[in-house]
Amino acid sequence: MLTLTILVPLIGALAILYVNEDRCRKVACVLGAIPLLLLIIAWIGFDTGAGAPVFQWVESYPWIPSLGVGWRMGVDGIALAIATMSALLFVAAIAWPAETQGRPRQYYAWFLFLEAVSLGVFLTLDLLLFYVFFDLSLVGLFFLIGRWGHGDAQRAALKFFVYTFAGSLAMLLAIIALVLTTDPVTFDMRELIARQPLAGMDVRGALVLLGFVIGLGIKTPFVPLHTWLPPAHVDAPGPASAILAGVLLKMGTYGLIRIPFSMMSATFARYAFALGIVAVVSILWGALVAMAQRDLKRRIAYTSVNHMGYSLLGIAAAGALVGGGEQAARQMALTGATVEMVAHGLITGSLFLICGVFWQRGREYDLQTYGGLAQVAPRLTGFAVLASFASLGLPGLAGFVAELQIFVGTFGVYPWLAAIGLVGILITAALFLQMLQQLFFGELPARWSDFSDLGRVETRMLTVLAVLVVVIGIYPVWLLTLINSTTAVLTGGP
Amino acid sequence: MEPAVQHTVVIWPLILFLVAALGLVTVMLGLSYVLGGRHDNRLGNQPYESGIKPTGSARTKFSAKFYLVAIIFVLFDLEIVFIFSWAISARDLGWVGYEAFLTFLFDLTLGFAYAWKIGALDWSPRAPRQLRLDAIESNQQRNLPSEQTS
Amino acid sequence: MPIGDVLPEISVLVSAVVLLLAASFMRQQDHWRLAIGALASLFAAAVLCALQLGEPARLTFAGVWALDGASIWARLLILATTAICVALTPEWLRSDRRHGEYYAMLLLAALGAMLLAGAADLLQLVMAVLLSSVTGYTLAAYHRAWPLSVEAGMKYFLVGALTNTLLMIGVTLLFGLFGSTDYAQIAKAATGAPQIMALIGLTLVVVGVAFKLAAVPAHTWMPDVSEGAPPPAAAFLTVAPKIGAAIALARLVTIFPADVVAWRPLVATLAVATMTIGNLGALGQSDVRRLLGWSSISQSGYALMAVTAVGLNAQAIPALLFFLGAYAAANLAAFAAVTQLRGRTNLADYRGLATARPGIAAVLVVSFLSLVGIPPLGGFVGKLALFVTTIEAGYAWLAVIAVINTVVSLVYYLRVLGPVYFGDLDGPVPVLGGWAQKALYLATLLTIGLGILAEPLWSELGRVMLLP
């Protein structure tokens, strides 16, 4: 079934090239929604009880058996949660009324392709296949940014591709070095997790970890590897930006949990504190730089750096000790990190879609030129306010659930880091409030007097995302049960 | 066959040879430089110190055909070397050698036929064949693929 | 004489002669029929070659000719490459007076490359290099009315003449040191050799082979040839001799024990220099054919990584062969696209190609991404195999440098793909059509197929061994 989740959009991407241009979007929506349905079914069928296998819905077919590579699919709670969120975000991004610049077929084909490979990253259980999908997601986004972006889109796309490709190659080397320690060679993640092949190899372990951290860190991104992110975001079309922030960034943190955290936990634990410091630096740096931005999209892009920092902090705290010590706190941190990924996907996804609204209507991202939009666009204002509050961590919304667990969990392991990290939340709150005030309140400049409010489809899509953000904020049990079933195992709990 | 390898290769003859070769050249050039007379004046540098000034260039144009013919000559002349070496041992090689040699000659004949056919042996530049070829070539230049015309 | 062991070569040679004679007796308009003949003879040779796969690996003809997995697969690869290049040709040379002779020349050049792959004797190696070079010069300068083509042939010839001489000197030195030109004999004698002299001799020979491989220091002809030679010939010259030369080099260096003659650092240095210089050269190019030439140099550098690791683990030769196969498919696809576009070479002329010719644009994407090593294309599996074998051999630093180079290479490939997809079209885009188009799509399918269906070939190559 997971295979189908990837194949449907992949084949759909080819098929849509032969669909009538007028019906492209509808067909793409249907095709894009099928994976979401399948994943929801998988979620319902997922066994969260104690003693249930970690990986479920497993499928396995040989691909290059002599290299130990296979088409291996399967999910645990973390992967399922993130994949489902991604599929939802893809449906929203595809349905979003975009400017396809006269080439709707190619536009939707690339989106479906990107959906297939992004889900592939989260659903695969084969390390090489993980890399394959990881790389292909770059190709998909390269074309989306370069072709349908604005401003200096080609340059941004090139920078994005080259920068992140460098990261993924560093990861490839790490993967090879990791896998070569097994005999016979296998890329099966379950095998690798069970064997912990690098245990007891200090230097090699550290180098492999470095490769993974650089590779996944560029994608996440954390300071100082984040410089590709702002241009890519600013010049990308709104929906692609939402996917970039909502889905692609998660590959970094998800990969950290899936690979170094699980497969080389001893090495990871040794360097967890350093990662924690990097996380705190990212949190503060992202927040401070975001505050200094006048460009709406740039500002939100930097808050992504900040939010992924929280997630990284949770992961670092969770991996700090091997075995039973502080298990409850570490599990909480890891659960928080995962919820942060889901929440950030939904929230920042909507924020970037909202940015797309501004570009479509005003061709302008400069905050200073806007003002008083609440009068002409009440619905837009509502959604923007909700998303911003969720992003800054208002209780009752999804961001709060995540950040609370991360910080509570981290306090149990690295109290000082958690304390410093908290400052980031304050700054974020300030910068979002200031942004909202600038955009929606105050004097309405004359040039925006005919600024049109959200359309029907836009409203619907944002409503779905917003409802989820609220539901996770108020009643997160259904999500936490799923995630906890896996994090408990990963942190060595019962 | 015994691999006649001497592991303690003696290098000094090689070096001696190198030194001798370089030395000879140096000595010859050096001596003539030291001993030779100098006539570094305008008259002395003329081709004929006394006499009529030469006109025109000493280099005259030859038809490229000369080179082609010369090369073909060298190619087919070299077969003599092989024929000779076969001839002196023809009895020892027997019929196998004879067959092998006939194959060799046959190959050469093929080459000869090819050279003849493409007009490499046509001496006169105005032979009808050449005119035809020229016509095709100029035609070809008009129809060369895009990058050469654009 | 075990004539049966060289039947593929004989078949190629005989058909080359037949084609040559036929070409001089046929009307120029009918020369395209000779392409069919060339394809048929290549197919026959490939069948004969494949029949040898079942036999045990051995040396024949008194030890000068290696019949092992490496040479058989390399020769099959060369034959396939040549077949695609033949298919690219008929439309391109339609109006050329010497159209028919081209096929004979191509077959002889392929023969030279095949001889390289099987050479197990220094003199055999020299013969192979010379045959492959002499025919190569002619192919490069085939448009003799076009200055760039003649210039390419001339540069190719000058570099070739120099390196061929160095090769001869090296062979003489080695012969003098070891008393034999036979690889097996040299291997026996090499353990007690004077190291410096042997290394000097080997280095000279390696330079001679590097010329065929377009590796540093004898790489300079490559950009000119790929720009000036007729694109079908450029496609051939950037691929086929390399396949033979890479195997020849691997076979040559392994006869020396690495602890006596330090050839591993030598080859590793060449690998680093080649990939780096190739990539740096490609970065600034605004001419697509030149860019492909430089990129082809850098790809030779990657191939040398596997040569560095030969003998340290069993995967080196399979990795080398697989990489060469994937490279051949991708590079042929790229040059086929150039051919199909009637030799269009200025980067600015590629703007908006995706609008006018989406098929060719897609081919460029596939072939370039495969050359970079983006999964799941053939180039990815090839590079993966290279990295695996290099890291396993303890040359992780080499893999790291290759990775950095790969990132750099992505920049210039994207510099072509960017305009193709994001630029605006100006003017019509005429294409060649016919056979060239079919060859184009065949090469592209091979590029994709080598990645997705890598297993059969990979497991087959896993059994390959290298003599002596």
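Yeah, the Cβs are placed from backbone N, Cα and C, and that goes for glycine too.
Keep in mind it's a predicted model, so treat the numbers as computed, not measured.
According to TrEMBL, the feature transmembrane segment maps to A:6-21, A:28-46, A:77-95, A:107-123, A:160-181, A:201-218, A:239-257, A:269-288, A:300-321, A:380-402, A:414-441, A:462-483 (among others). For A:126-428, the entry in TrEMBL reads domain 'NADH:quinone oxidoreductase/Mrp antiporter transmembrane'.
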Study note, to complete from the structure: Beyond a gap of at least 6 residues from its ends, the CB atoms lying under 8 Å from the transmembrane segment (A:160-181) belong to 68, 127-128, 131, 134-135, 138-139, 141-142, 145, 187, 192, 197-198, 201, 204, 207-212, 214-219, 225, 227-228, 231-232, 255, 259, 263-264
Point to revise | Result, the transmembrane segment (A:77-95) in contact with the transmembrane segment (A:107-123) (3+ CB pairs under 8 Å) | key: yes
Study note, to complete from the structure: Highest Cβ pair tally under 8 Å against the transmembrane segment (A:239-257), stretches A:6-21, A:77-95, A:269-288, lands on A:77-95
**Study point:** Positions whose Cβ lies under 8 angstroms from the transmembrane segment (A:269-288), at least six residues beyond its ends
**Key:** 206, 209, 213, 217, 222-223, 226, 302-310, 312-313, 315-317, 319-322, 410, 414, 417, 420-421, 423-424, 427-428, 431
Practice item. Please check if the transmembrane segment (A:300-321) comes into contact with the transmembrane segment (A:77-95), where contact means 3 or more CB pairs closer than 8 Å and the residues in each pair are separated by 6 or more positions. Key: no
Point to revise | For the transmembrane segment (A:77-95), sequence-distant contacts whose Cβ falls under 8 Å of one of its Cβ atoms, 6 or more beyond its ends | key: 5, 25, 28-29, 32-33, 35-36, 39-40, 42-43, 46, 48, 108, 111-112, 114-115, 118-119, 122-123, 239-240, 242-243, 246-247, 250, 254, 257-258, 338, 341-342, 345-346, 349, 353, 457, 460-462, 464-465, 468, 479, 482-487
Check your understanding: Which residues of the same chain, at least 6 past either end of the transmembrane segment (A:28-46), have a Cβ under 8 Å from a Cβ in it?
Key -> 1-2, 4-6, 8-9, 12, 15-16, 56-57, 75, 77, 80, 83-84, 87-88, 90-91, 94-95, 108, 111-112, 115-116, 119, 482
Check your understanding: Which sequence positions outside the transmembrane segment (A:414-441), separated from its termini by at least 6 residues, show Cβ-Cβ distances below 8 Å to it?
Key -> 273, 276-277, 279-280, 283-284, 286-288, 290-291, 296, 299, 303, 306, 309-310, 313, 316-317, 320, 367-368, 370-374, 381, 384-385, 388-389, 391-393, 403, 407
